[in-house]
Amino acid sequence: MNILWLQSAGCGGCTMSLLCAENPNVIELLEGAGLSFLWHPSLSIESGAQVRKILNDVESGEQPLDILCIEGSIVRGPNGTGKYHVLAGTGRSMLDWVQSLSKKARHVVAVGTCATYGGVTSAGENPSDAVGVQYEGAHRGGALPADFTSVSGLPVINVAGCPTHPDWVTETLLLLAEDALGEDQLDGYGRPKFYADNLVHHACPKNEFYEYKASATKLSEIGCMMEHLGCVGTQAVGDCNIRGWNGEGSCTRAGYPCINCTAPEFEEPGHAFTETPKFAGIPVGLPSDMPKAWFMALASLSKAATPRRIEVNATSDRITVPPSLKAPKS
Amino acid sequence: MTETSLLVGPFNRVEGDLEIRLDVTDGKVSAAYTNSPLFRGFERILLGKPPTEALTITPRICGICSISQSAAAARALADAAGATPAPEGEKTAALLHAVENLADHVTHFNMFFMPDFARPDYAGKPWHDRAVDRFTAAQGSALRVAMDARARLLHIVGLLGGKWPHTLAIQPGGVTRAPTMRDKVRISADLTAFRRYLEQQLFGGSVEEFEALTTVDALADWGRGDVALFMEIARDLDLAHSGQGAGRYLSFGAYPLPNGPIWQAGTWTNGIEGPLDTSGIAEDISHAWMLGDAAHPSQGMTVPDVDMSADAYSWCKAPRLNGLGYETGALARQVVDGHPLARDLAKQGGVLARVGGRLLEIARTQIAMESILADIDPKAPFMDRAKLPANGEGMGLVEAARGSLGHWIRIENGAIASYQIIAPTTWNFSPRDAGGTPGPVEAALVGAPVREGEETPLSVQHIVRSFDPCMVCTVH
C-alpha cells in the first residue's frame, strides 16, 4: 500500500515523533508491512515540481492512493478562503487540497490532535480558523463533512495525540495494511481503540499516591498530580504509561501532569494546564466512570488512611522514605 | 539576455511549508523571494491566558524545535519573575535542550540535506554510487543508522522530560523531575552509544579530534566517515562558493549554566566581534502580510492582513538588528563563540561553511553534553520557586538548532498582554525590508546556477537546505 502524507497547519511534531519509532525504525517497520511513501514531506526525495506532479496525478486518478495521512489542522481563514495556508507552489489552499484528495484515498488518517480535532492551532481566539479533518473540536464535521467516508467506507481515522506516539501511527498503518481496522475498532471520536481504550492513569507510577490521594502541591514533587496540578490522567485516553515514550518516558513519569492531549478541545481546558479547578476545595473533574459520591467517600477514607511513607514522599522531589522491609522470619 | 520566473514549492525536507519565487537571468538566479505560506497566529493564541500557559503552548509551535521553544518560554517567565532556576535544574534543562539540538543536526545532515546528492541528476559523478548507498532518501544505509541512533539519543528526553517533542519538564525554576544517580548512569550510557554512532559513522574518528580541527584545509583532509563523502562532494560541486552569505552572524549564546553559557552570545560582522544588544532588534513588516509598523518585539504586534496586499509576499516578518539582516544557526554560533574552524569557514560563508559548521557543532555538543551530565549533582534540588508578577515583562533568549530564538512577554493583571517570538528562520528566511534589502537566504540565492529546463533548481535546493530552515517556527 502507498501513503501520501501532507503536512497541514501543525508543528510537524507528529512526523518528528514518528521518526522515534524503534525496534525496528519507521523505515523498516513500514517496508516489512509492504507500506511505502508515495510522498512524505520530511523523507521523500521529490521536491517542487515533482511533488506537484504527484499531487495532480492522485487528484486526476492516474495515481491510485491507498492511505492519505494528514498531519496538522486545516485552516479556513481568512474569511473561509483557507489562504492562511496555501500549499507552496500550487496557489491552492491546503483546505482545497485536503477536500479534493480525500475523495481519492482508500483510507484517510488524521495524525495528531491538530488534524483530528483542531488542537493547539485552534486554541485561544483561533486566529486561523483551524479545524480538524473531520471534527471541529468535539463536534463532527470539520474540513470534511460529518458524514464523509473514504473509498474504504471508513470515516477519517483519528490518531489523536499531541504529539502522537510513534507506535499509534505505525500500528494504525499496519492494521490498515492487514485490512484489520474496521469502524468497530474506532472509539466514539474516531480514535483507534487499541490505544484509546486505555487511560493514561493505567500503569502511571503515581498510582500508589493516587490510591491515598497523597498529592503533590507543586511541580517537582512526586505525589499524585490530580488534586492540585491539573492532571487528568484518570480521564484521558491513551496507553502512554503502558508503552512508555522515547524509551521509558511519559508525562507523569517526568513529573508534570497529563493534559489530555488525545482529546478534542484539550487545548482549552478552561483553567491553567497545571492547576486543578476546584469547587469548594474539591476537584471538579472525576476519574472516568467513577460515581461522585463513591469517589468522595473513598477519597476521604483513603486520605485518612495514608501511610506516613506515602504522605512524606508525595511532597518530596524524590523518594525520601523507602518501603519498610519485613524482618527475617528467624 | 533571457529572463524567466520560477515558483519553487512545495519545498520538502525542510521543516514546514516553504515557497520560493526565483527570477532567473541568463541561467542564474537574479532575485529570490521567500514565502512562508502558513499563518497560525500563536502570538495571538496566547493573549489573555495565564503566563504559565506559554510553557504548554509555545513548544507546540514546532515539533522539531519544541524544547527550544519551551526553554525560551521558561526563561522569559523567569526573567519576568526576576528568578533564576535552581542550578541543577538549569544544567538539566541545558542537557535536554542539547539533546534536541544534536538530534536535529543529525536529522538534518542525514535525512534532509545529503539525500539530494543521491539524485539521478548526479549519476556519473565519481561519488554518486556511494551517495546513493548511504543517502538515498528514506532508504540509504546512513539514514537508517542515524535514525536508530537519534531515537536512542532521545531516550534522554524520555527519561528526563517524559517525551519528545512537547515536554513540560522545563519550568522557570528548573525541571520537574529530579534525576537520580541511576538516571545519570543510564543517560551516560545513551550518550556513549551516541558517541559511538558519531565516531563510527558520521566522523569515522573521535569527536575530540574533529573539534580540534582549525582550518578548512584540515577539514578537507579529514578523509573519514560520511564527513569525507560530504567534503568530496563539496569540492566537486564547489559548495564553498555556493550560496555565500553577507558575513553577518548572530548568536544569543547557547546553554546557559550557573557559570555562564557554554557558547558565547554576540555578533560577528565580517571579522569584527560585537556584543549582543537586543535593543537594536526591530521586526520590519513592509513585505509581510501584517498590519502595523516596524517595532522592537517588546512593542510588536501580530495583526494579519487578511487582504494579503500585493506589496507583501510572506507571512514572515523581517527581523533586523540595527537595520541589518543577520544569519543565525550552528555556523553563526560557532563563529561568534570564536572556534577557529568556524572562523575559517566564515571566510567562505556558503553551503560548505554552513554544513561544516553544523558538523563541528555536532562534535562540540557531544563533548559538552558529557560534561554537563558529569556536573549534575543528583542530591541537590532541581527546582526553585519562581513567583510570577501580576504585571511585568520578560525576555527569553536561547539558541535553537537553527539559531537565535527569542520570546518577549508582557504580563498585565496576571494575563499575557503581549507575546512576541522571533525564531531563527524568521531571521534567515525573512522577506525584504522597507529599504528593499533582501533577507539572508534571498541574498544568498542570487547567482545560483539554473540549468536549462530545471523547474526546481538543484543549486537552489542545496543552498536553501544548507540553512536548515524550520518554517513552522518562522511565522508561528
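Using N, Cα and C of the backbone, Cβ positions are placed for all residues, glycine too.
Because the structure is a prediction, the values reported are computed rather than measured.
Among the candidates B:GLU43, B:GLU412, B:GLU442, the residue that TrEMBL names alongside B:CYS62, B:ILE421, B:HIS476 for the Mg(2+) site is B:GLU43. Chain A comes within the C-beta cut-off of under 8 angstroms for the following of the binding-site residues B:GLU43, B:CYS62, B:CYS65, B:ILE421, B:HIS476: B:CYS62.
When the binding-site residues B:CYS65, B:ILE421, B:CYS470, B:CYS473 are compared by the number of other C-beta atoms lying within 10 angstroms of their own C-beta, B:ILE421 comes out lowest.
The CA atom of B:CYS473 (Fe cation binding site) is located 8 Å away from the CA atom of B:CYS65 (Ni(2+) binding site). Taking the mean position of the Cβ atoms of B:GLU43, B:CYS62, B:ILE421, B:HIS476 as the Mg(2+) site, the remaining residues of that chain whose Cβ falls within 8 Å of it are B:PHE42, B:THR58, B:ILE61, B:GLN69, B:ALA423, B:CYS473, B:VAL475. Recorded residues B:CYS470 (Ni(2+) binding site) and B:ILE421 (Mg(2+) binding site) have their alpha carbons 14 Å apart, per Cα-Cα distance. Annotation: B:CYS62 carries the greatest number of neighbouring Cβ atoms among the binding-site residues B:GLU43, B:CYS62, B:HIS476 [cut-off 10 Å, Cβ to Cβ]. The secondary structure of B:CYS62 (Mg(2+) binding site), as reduced to three states from DSSP, is coil rather than helix or strand.
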